[in-house]
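Novice: Pulled these from Swiss-Prot:
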type: BINDING; residues: H324, H329, E369; note: Fe cation binding site
type: MOD_RES; residues: S19; note: phosphoserine
type: MOD_RES; residues: S31; note: phosphoserine
type: MOD_RES; residues: S40; note: phosphoserine
Amino acid sequence: MPTPNISTSAAKGFRRAVSELDSKQAEAIMSPRFIGRRQSLIEDARKEREAAAAATDAAESTETIVFEEKDGRAMLNLFFMLKGVKTSPLSRALKVFETFEAKIHHLETRLSRKPREGTAELEYFVRCEVHSSDLNTFISSIKRVAEDVRTTKEDKFHWFPRKICELDKCHHLVTKFDPDLDLDHPGYSDQVYRQRRKSIAEIAFHYKHGDPIPRVEYTAEETATWKEVYSTLKSLYPTHACKEYLEAFNLLEKFCGYNENNIPQLEEVSRFLKERTGFQLRPVRGLLSARDFLASLAFRVFQCTQYIRHASSPMHSPEPDCCHELLGHVPMLADKTFAQFSQDIGLASLGATDEEIEKLATLYWFTVEFGLCRQNGIVKAYGAGLLSSYGELIHSLSDEPEVRDFDPDAAAVQPCQDQPYQPVYFVSESFSDAKNKLRNYAAHIKRPFSVKYEPYTHSIELLDSPQTICHSLESVRDELHTLINALNVIS
């Protein structure tokens, strides 16, 4: 990876931040190997959105209204209001369906969203199937006998997993940082490393939900790389990491084999997390697409790599590796409030547009990856990208970068600069405060439904009708009943 350009003033400011370190450490931090990971999740989300927008612009108008198409017939959702009071508008509308041999799968009436003054009008929702070749003419004919005709274009949303086992389908990788393809990857010219990384990635390729995560027998060289990363970062944690991270890190050392001479196994760490917060790990071959990665968080599943960075660059990896995952992400996922915050980002992503996915990926970047928090008046780090990068961890708490109060609306559109380090970070007053702000932000994401995670069945419940909402309220009443009884017992 080429040495990044650092301005004279920035270099001086950064050297002030490391003035208390010995010369060897200071020299090491200024080297390119201490530069953090690239903004791959955000770049991926942006490219996904741009590609989808380009495809939409190039498509015919009929393609934007089709719910699905098969064997020459198109399925679509149709919304409309009917004209006239003296004639029979419904019979005229049905005549259009009959003329075009439309097969009606579902028909219902709703109170109109745009009632005329003094009247409560009905809106019709029809899910129907018509010949693809007749689609434009069919829509035009409906518009002649109905008002406010709308199609599925407004309500279309991306597929997302509804059951935890469907995460087996969320395997879309971003390969641009793969050592086989990235010329700047430290392992690009090392055939032995590339083959080793590929063999470890095969574990994730064959993994299915419910399987125990296979062990990896790490080599002496891999363990030596881990040791350098572990010991170097651990020296900073007492003064730079938030208290939630420190508490979890101590427990991981006690129960999960975290130490400088041992790379923890994902299965053991996953069991630990599940007992603490319900999160579990799942092996992944590499960098997932933003949509698939965020969807996993909705189920309290964290997609985790098992391979380790190249030995020539122990303090830098252009892609996520087990050092980043185990030292950066895992300790924070052991905190209940932070775990809920992470899941909320995932839930907000389900069915979201490509534009919203890009914003959520940026929010993830400035919180889960590079977030700061204020504890007892002192700013501490909680982001995984900071806690797994010696150089950026020091930089983030120096006087060099700009630190702003966390505002999801601002963070979601903040440009990212990750070479060499971030110029802007967002600081939260607490994880609870960040969680509440995120939920307010997510409430404004436009979807034709809301979602709720069902922990007993590890599934996503769609709240898209009064019936499903009432059903969900029943479980809330049951929980309230239990809590009221508990209060009565102790009072």
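If you go along the chain as it appears here, the first residue is 1 and each next one adds 1.
Cβ from N, Cα, C; glycine included.
Locate each feature and note its surroundings.
Specialist: The number of other CB atoms found within 10 A of the CB of H329 (Fe cation binding site), across every protein chain shown, is 22. The DSSP secondary structure for H329 (Fe cation binding site) is helix.
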Novice: So how many other Cβ atoms are close to H324 (Fe cation binding site), meaning within 10 Å of its Cβ?
Specialist: 24
